[in-house]
Amino acid sequence: MSQKLYNLSPGLLLAIVVHAAVAPVVLLTAPAVAAQYGGQFGFGAGQIGFLFSAELAAMSLATLPAYYWQKRWNWKNVALAAGLLFIAANIVSAFAASYTSLLILRFLSAFGGGTLMVIGMASVVLSNQRDRVYGLWVCGQLVIGAVGLWILPGLFQHYGLSALYIGLAVLMALALPLARCYPANLEPNDGGRPQRMSFSARNRAIISILGLLSFYIGLSGVWTFIGSIASAAGIDPASTGELLSIATVFGIVGSLVATGIGDRITRSLALLAGYAVMTTSILLLFHGPNLWRFAVAACAFKFVWTFVLPFILGTISDQDRDGGLMNTANLAVGGGLAIGPAVAGQILESGGGFSFMLGFSAIATVLSCAGIFAAHVSSQKNIVLEKVAL
């Protein structure tokens with residue numbers, strides 16, 4: 001029997017982390033890719049924005065058919081098909097002759113990647129150390145995003161966007177054999193037919209998903225306009241860029257800390273501490289922060305974002321029986337990433353100012369904390385009651 005890590009086979013753990021890192025590379029390296037879209041193809045801001053929106057939408061929409069196939073089809077085969085779609089769409093993207101064809105191909109690529117994300121997130125349910133696995137899941141994305149932002153500008157100068165698309169196809173081709181490491185499906189915990197969720201379990205699931213949605217609404221609004229906040233405060237663009245690069249490193253550290261901590265501290269403490277620091281970092285951005293206050297806020301925000309996320313996902317995963325709830329979580333992530341910047345942008349355009357926008361994000365963060373913490377506490381009480389009943 002092969003040695004397991006966090007109750008997962010090495011191959012399954014690697015599949016979860018690697019596929020989740022490769023699938024969203026275009027979104028993770030958006031600043032470099034967006035600049036190349038404009039420089040190489042002459043796309044306008046609206047066209048560029050729509051390309052990224054299409055990829056984000058496709059990754060989220062991959063959730064919808066998953067509600068059907070998760071209980072009917074072999075996940076290994078679905079993962080293989082999704083990986084092949086991702087590879088084919090990226091290869092053809094390198095030779096796309098028009099904006100419309102590129103838009104369709106980017107949608108198909110992201111749909112394949114989103115399907116792999118759904119399978120990976122659901123497979124974490126098999127682990128007995130879900131917080132740690134999600135920590136590695138987040139870390140993989142951050143590392144490949146940072147590496148991409150570092151190497152892509154140089155590659156673009158010599159090979160254009162083809163370097164990105166062919167590179168993604170090669171990476172996925174190398175990772176494709178890992179598809180066989182996924183489970184065929186998730187069997188019910190009792191080995192029999194799936195039980196209907198109780199009223200309290202259903203409420204916990206709804207509250208935790210709404211908490212995740214609120215979390216991403218709050219953080220994406222802040223992170224989208226954090227450069228604008230610095231500019232309005234009189235911080236020069238060069239300093240802002242350097243600080244945000246440093247903040248990205250803090251993000252990687254945050255996910256590694258979450259992985260290292262795991263269950264060494266209670267999840268309640270990790271959640272409360274994480275949300276407290278996140279809310280504080282948002283408040284530090286109020287009223288035109290100076291350079292040092294901005295630096296502390298940005299680094300703390302990025303650190304705690306990736307630190308607390310694995311514990312949030314772990315809370316939701318604890319309530320999942322067949323992967324369906326984590327499927328919904330993927331939809332909530334995409335929804336939050338779309339809603340947050342849109343609402344924040346509308347607040348700024350309507351004259352609400354950065355203080356109003358940051359206040360909205362802080363409230364969304366507090367509401368997320370309330371929902372996730374309530375779901376976690378209720379789940380723990382239910383576990384205790386079940387043990388007493390036995």
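Each Cβ is built from the backbone N, Cα and C atoms, and glycine gets one as well.
What TrEMBL says about a protein is an automatic prediction, not a curated fact.
Here TrEMBL flags 50-69, 78-97, 103-126, 133-152, 164-184, 205-231, 243-262, 269-288, 294-316, 328-348, 354-377 as transmembrane segment.
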Per Cβ pairs under 8 Å, the stretch of 50-69, 103-126, 243-262, 294-316, 328-348 packing most closely against the transmembrane segment (205-231): 328-348
Proximity verdict for the transmembrane segment (78-97) and the transmembrane segment (243-262), three or more C-beta pairs under 8 Å: no
Segment-segment contact (the transmembrane segment (243-262); the transmembrane segment (354-377)) at 3 or more Cβ pairs under 8 Å: no
Touch test for the transmembrane segment (164-184) and the transmembrane segment (103-126), at least 3 Cβ pairs under 8 Å: yes
The transmembrane segment (294-316) vs the transmembrane segment (133-152): 3 or more CB pairs under 8 Å: yes
Ranked first among 103-126, 269-288, 354-377 for CB pairs under 8 angstroms with the transmembrane segment (50-69): 103-126
Result, the transmembrane segment (103-126) in contact with the transmembrane segment (354-377) (3+ CB pairs under 8 Å): no
Which of 103-126, 269-288, 328-348 contacts the transmembrane segment (133-152) most, counting Cβ pairs under 8 Å: 103-126
